[in-house]
Amino acid sequence: MGHEVRYRVRGGRRLAGTVFVQGAKNAVLPMIGASLMASKGRTVLRNVPIIEDVRRAVELARAIGARAELHENERTLVIDASTLSSPVLPAEIASRFRGSFLFVPALLHRLGEAVIEGVGGCNLGSRNLDFHYNGFKRMGATVTEQVADNGDGIIHIKAGELRGGTLYCDTPSHTGTENLIMAAAMARGTTLIKNAALEPEVLDNIAILQAMGARISGGGTGFITVEGVDELTAVEHTVMPDRIDAGVFVMAAAITGGELNLVGATLEHLGVAADKLEQMGVEFHQQGAVLQVRRDRALRPINVITDEYPGFATDLQSPIMAVSCLADGPSYIYERIFDGRFKLAEELVKMGADIEVNGNRAKVNGPNGLRGAEVEAHDLRCGSALVLAGLAAEGETTITSAYYLDRGHAHTAERLSQLGADIVREVG
Ligand SMILES: CC(=O)N[C@H]1[C@@H](OP(=O)(O)OP(=O)(O)OC[C@H]2O[C@@H](n3ccc(=O)[nH]c3=O)[C@H](O)[C@@H]2O)O[C@H](CO)[C@@H](O)[C@@H]1O
Ligand SMILES: C=C(OP(=O)(O)O)C(=O)O
């Protein structure tokens with residue numbers, strides 16, 4: 001994992017000012033997968049978030065033979081996939097981020113096979129991939145599993161030629177929908193995907209694929225139709241803003257009683273989270289592409305039920321748990337998407353919170369003043385929630401295992417410092 005990353009936050013400062021929302025992690029990763037389907041030319045992705053998952057994706061693209069250059073200052077990624085040569089997604093890179101599995105359709109189309117030595121991502125309980133495998137199989141692929149000498153499973157997917165068919169997700173899986181669309185984009189014939197995910201990132205990925213020449217309709221309806229084409233071409237595309245990053249900054253204003261201008265944030269992309277934050281006392285004012293937020297009244301408690309878009313995003317569930325610690329009364333949180341996403345609660349308790357967890361339900365007994373402590377980021381959103389808690393806590397909070405936070409948020413300490421926070425990132 002390399003060096004230990006820690007964040008130190010001294011709380012108690014009200015945040016104010018303007019912050020730039022980063023490009024979306026969950027949009028850029030499938031776009032890198034899509035760019036690998038172009039056998040000629042160079043794809044240019046703009047507004048790329050400079051996060052660890054993108055660095056891993058660049059390493060993985062190179063490991064399978066593509067040329068990939070990440071220009072960090074320009075937030076631009078240039079990919080030439082004409083040299084793609086290896087079907088193997090090596091464990092040491094692929095097991096560090098979930099988005100690695102989004103490289104599979106390109107490998108199937110370009111090389112006829114994909115060998116998956118490991119798939120990573122945050123450890124949030126069971127995270128299955130059966131919708132992806134079943135879809136690939138319905139399109140004519142074979143999927144076999146071998147056990148390596150070290151006991152790890154290696155998945156081998158082979159597809160001489162993928163052909164269109166009727167596919168479905170049992171529940172509207174985000175990456176599942178993206179993978180099935182990409183598999184169908186260059187398959188022979190027509191594919192119908194039922195119960196497709198509606199997330200804005202899925203639509204942004206459809207947009208780049210359409211620009212590349214893919215024939216996709218029905219995005220955003222739950223029924224997506226794809227007419228396979230023989231070839232996709234390299235294009236230039238600007239990655240949409242990250243609605244989860246935006247949501248965390250909204251909550252930074254909420255938890256510190258601050259006032260922020262979020263450049264690039266769209267209220268609609270927050271779905272039900274916007275309504276829950278309004279119920280807590282946050283005021284929103286969308287001014288074109290800038291979202292103004294402020295909170296200057298007491299925080300009220302809320303009920304949250306996580307759901308697929310436009311429901312309350314599971315990736316904002318941990319951050320809102322941190323905010324609800326300060327709310328005036330009990331808040332109720334029901335996590336429906338992942339069965340292991342409450343490790344945050346025990347860390348918040350170390351900071352003085354009162355939280356009862358029962359399976360996938362949590363009750364946060366607010367209000368409780370938070371105090372600084374040494375806490376651990378068990379996953380990415382646990383990390384962002386602990387930063388929020390640290391901003392509101394009395395004294396110093398040290399967040400360890402913060403590589404997870406860096407997986408998904410760019411320049412966290414710099415951006416928060418510019419708004420008046422006292423936060424530093426330490427490595428080593
Ligand atoms: C890289 C990326 O885009 N990650 C996002 C994506 O993850 P990811 O795409 O992995 O999440 P999914 O939408 O696929 O998973 C949602 C639920 O469906 C289940 N499931 C999923 C696929 C499958 O084949 N079988 C199955 O049972 C999962 O176990 C989970 O309980 O969506 C999640 C839910 O919004 C977000 O938290 C992640 O940030
Ligand atoms: C769960 C997350 O990401 P991933 O699917 O990449 O692990 C997340 O972004 O919170």
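Heads up, the Cβ atoms here are built off N, Cα and C, so glycines get one too.
Quick look at what TrEMBL lists:
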- Cys122: active site, proton donor (ACT_SITE)
- Arg98, Asp315, Ile337: UDP-N-acetyl-alpha-D-glucosamine binding site (BINDING)
- 9-414: domain 'Enolpyruvate transferase' (DOMAIN)
- Cys122: 2-(S-cysteinyl)pyruvic acid O-phosphothioketal (MOD_RES)
Should we count any of the binding-site residues Arg98, Asp315, Ile337 as near ligand 2, judged by a CB under 6 A from one of its atoms, and which?
Arg98, Asp315
On a count of neighbouring CB atoms within 10 A, which of the binding-site residues Arg98, Asp315, Ile337 is highest?
Asp315
Considering each pair of residues in Arg98, Asp315, Ile337, all listed as binding UDP-N-acetyl-alpha-D-glucosamine, report the largest CA to CA distance in Å, no decimals.
16
Mean predicted confidence [pLDDT] for the domain 'Enolpyruvate transferase' (9-414):
96
Under DSSP, is Ile337 (UDP-N-acetyl-alpha-D-glucosamine binding site) helix, strand or coil?
coil
